[in-house]
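Novice: Below you'll find the structure I mean.
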Amino acid sequence: MLAARLIILLSFYWLSASAIDPADPLFVDLPHGKIRGRDNGFYYSYESLPYAEPPVGELRFEAPQPYKQQWTDTFDATQPPVTCMQWNQFIFGDNKLVGVEDCLTVSIYKPKNTSQSSFPVVAHMHGGAFMFGEARQNGHENMMREGKLILVKISYRLGPLGFASTGDADLSGNFGLKDQRLALLWIKQNIASFGGEPENIIVVGHSAGGASVHLQMLREDFAQVAKAGISFGGNAMDPWVIHQSARGRTFELGRIVGCGQASDSMELKNCLKSKPAGEIVSAVHSFLVFAYVPFAPFGPVVESPDAPEAFISQHPVDIIKSGKFAQVPWAVTYNTEDGGYNAAVLLEKQASSGRELIFDLNDHWFDWAPYLLFYRDSMTTIKDMDDYSRKLRQEYLGDRRFSVESYWDLQRLFTDILYKNATELALDLYRKHGKSPVYAFVYDNPANTGIGQFFAKRTDVHFGTVHGDEYFLIFENLARGPEMRSDEEIISRNFLNMINDFVVSGNGTMTFGNCVLQDNVGSNKFQLLSITKNGCENLQLESFP
């Protein structure tokens, strides 16, 4: 059904598309009317363009509907995108509620480059564990200064508003993924009006954004809207991506906000539609064991096969094994200390005791580990969980206690379980069942400041190359300082050239600097590019280091 609607909508918009006014590039004609963008010196921006009807009222907890309104006046595309309503981990303090429910927009950034008449397109999905984040959290000026690519940032529903699910056709879930899908369709249909090349669209994202890219690519019809994808620091194999106990959690959500009387999914959905959005999103607090743990209490699900417009109805592993996914080039990445994103908060000194939270793991490891590492819902008995928790602690820490001194091994555990192992699994599946090129790289070059220092609120600990250290060289982020070292400037330029070359390449090749990444499909060994301060090197591995 989604594929049929795709063909119909593509046909409509291709017939309707028009171009930028050559007399004034700030004005663009779209099927809904004329828009006015902003001149930012070295690039143009066209922000907050709606691609879907507001997901409010009866459209809450429903698949997104294409935007229908016709503008009689020129649409003001100079306002930055609003934040989708969320309980945001990056807000310190008790009240983390921010954003609005009516938020489904795309924002377009086009470089001023008179040497190019058209531009390849990067569709960007922000990260945030499917719970928080926004289109504005990652900058675009690095990419605009290079002057080679149009960037489109996508806003999508998050947390319970985007991913509540009862596991049946009545409240199927994955609304945030369906938002992304409709946004990609909008880009395909309309980007030529901005000077973009609809035949040269690549989708990129980081963390949950990277996992989103991968999930989009697991649909065979992805190839109709984009030609390649890059998943930085997250993919569909990560244990925090696919949720197995969404039904119970969604009914618990209903109980928290006053829908405890609901006896079935439809009654629950109707009740939730009547509640203020802020109450629903604020209920996230009740699912956290401590701090912001687990960091993803709501997220993607495997939908019921009879759900209308199901996004996926098989587990990603089974989809890949079936071969029924988009056979287009894909790249997947991880950082050597990705897990610092999850572990660093344990190094913050607590106001009440003056000591770090990591010491509390000595008394609460068996209680907290299943939530920290996302196996609470995948094991059937408490004994299974305790046995696995004990095994992990022994493997990574031996007989040592949790402390600041043992932090490095704790983050190593988090890196392996939450990121690295999933990257290895994804590559293993693709090299056996894929047909189009699949590439991988590992980044090992610590930033001076980053997410580790941000959450730990300290700089006296070596955090390594933490989650986002590579991505923020492409898309700026306030979690790291604004300045780049000379080696990072070179790496940033190489990343931007890599993305550009990947999307315009006719044969799906991928190059970083002077290194050509090697395809994993059909390979007996893992082909992994190592990127460090000193350059790049192709590795052939039996297993990940």
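Using the three backbone atoms N, Cα and C, a Cβ is placed for every residue, glycine included.
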Novice: Taking Cys103 as one end of a disulfide recorded in Swiss-Prot, give the other end from among Cys84, Cys259.
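Specialist: According to Swiss-Prot, the disulfide partner of Cys103 among Cys84, Cys259 is Cys84.
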Novice: Quick check: of the recorded positions listed here (Cys84, Asn507, Cys536), which one has the Cα closest to that of Cys259 (disulfide bond)?
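Specialist: That would be Cys84, nearest by Cα distance.
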Novice: Could you tell me which of these disulfide-bonded residues, Cys103, Cys515, has the fewest other Cβ atoms within 10 Å of its Cβ?
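Specialist: Among the disulfide-bonded residues Cys103, Cys515, the lowest count of other Cβ atoms within 10 Å belongs to Cys515.
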Novice: Taking the Cβ of Cys84 (disulfide bond) as centre, how many other Cβ atoms lie within 10 Å?
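Specialist: Neighbour count, Cβ to Cβ under the 10 Å cut-off: 30.
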Novice: According to DSSP, does Cys84 (disulfide bond) fall in a helix, a strand, or coil?
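Specialist: Note: Cys84 (disulfide bond) is in a strand by DSSP.
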Novice: Of the recorded positions listed here (Cys103, His467, Cys515), which is spatially closest to Asn113 (N-linked glycosylation site) when Cα positions are compared?
Specialist: Cys515
Novice: Between the Cα atoms of Asn507 (N-linked glycosylation site) and Cys515 (disulfide bond), find the distance and write it as a whole number of Å.
Specialist: 17
Novice: I need the CA-to-CA distance for Cys103 (disulfide bond) versus Cys271 (disulfide bond), whole Å please.
Specialist: 22
